[in-house]
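What TrEMBL says about this protein:
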COMPBIAS  134-157  compositional bias 'Basic and acidic residues'
COMPBIAS  167-183  compositional bias 'Basic and acidic residues'
REGION    134-211  region 'Disordered'
Amino acid sequence: MPVRVSEFSWQQTPAAIFLSLPLRGVCVRDADVFCGESYLKVFLFAPIDDGNSKAKIGNDTILFTLYKKEPVMWETLSMPDVDKETMQRIREKSILQAQEKAKEATEAKATAKREDQRYALGVMMKIEEEERKKIEDMKENERKKATRELEAWKESQRQAGKQKSIPRKENCQRGKQAEERGAPKTPSLPRKAPSAARLPQRGKWLHKQAEARRALSTDLPEFSDLKEEEKNPDWLKEKGNKLFATENYLAAVDAYNLAIRLNSKIPLLYLNRAACHLKLRNLHKAIEDSSKVCLQDYEAALKIDPSNTVVQNDAEKIRNIIQGTSLKSRD
């Protein structure tokens, strides 16, 4: 309940009121202060700035610092000759104003909280975007690095091929020089057309070559459900080429995989599959397939010249590359 205080003191300046009230027998912790622009549980002489006004409680005294809305001197602290009806109207108006200000303060606090949350979310999204970009940059750098390594390896293979061709050129040059010095020449004879007796032999040879290019593993149970054309590596190669042309690289890889399982001795299948892996950025698998093609060439060369140590060493290096890339691709 309100405590009526008859003993008080006050002072003023043109801008402010300083009001001191004793609080005898009132607990400071339970003190309730209500201040409106025209009502301080006292009907003031003129409006004040209740937002900036202050109340300090201590030592059984409450000290009010009330800032005036208009910088003028007041004749008295409270309104003189105010009837009960006017006092009730001023009181109700002050309470409504206080409620409106409390509502506005709550809404402002909620708005500030939402702004803080929106700002925090924006900062978090920015950090995540920077992290994502950083990861993408790392992936791109790794891709470029792998591409450079692949190109460097291809260049080394080309250089190795050139070095091997130099002795052949030297031998040819020596043969020409020998002819110029008067070496006996073998007269060139016109090549005769194949006789009727040799035509069947040539047909058999072509038939054997065609059979060799067909499937080598069609007797396995896993291929029993395939159609006849699906057992033909050449047909599967053409299918893979068409899928590659339509940028369906995964399906093309499947076609080349099946063709290689049917006949692993066709180098072009590995080269085409390597091209698919490059498009799919499976760089280790692309290196592995390219290396297998080179290894087949070296193994063919070793069949011609098994004692060639240079070819043997190069073939062993390629085997090591294939083994390393296959392990990386599995990881």
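Even glycines carry a Cβ here, placed using N, Cα and C.
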Same-chain residues at least 6 beyond the ends of the compositional bias 'Basic and acidic residues' (134-157) whose Cβ lies under 8 Å from its Cβ atoms: 281, 283-284, 286-287, 290, 294, 321
The compositional bias 'Basic and acidic residues' (134-157): DSSP-derived helix, strand, coil residue counts: 24 helix, 0 strand, 0 coil
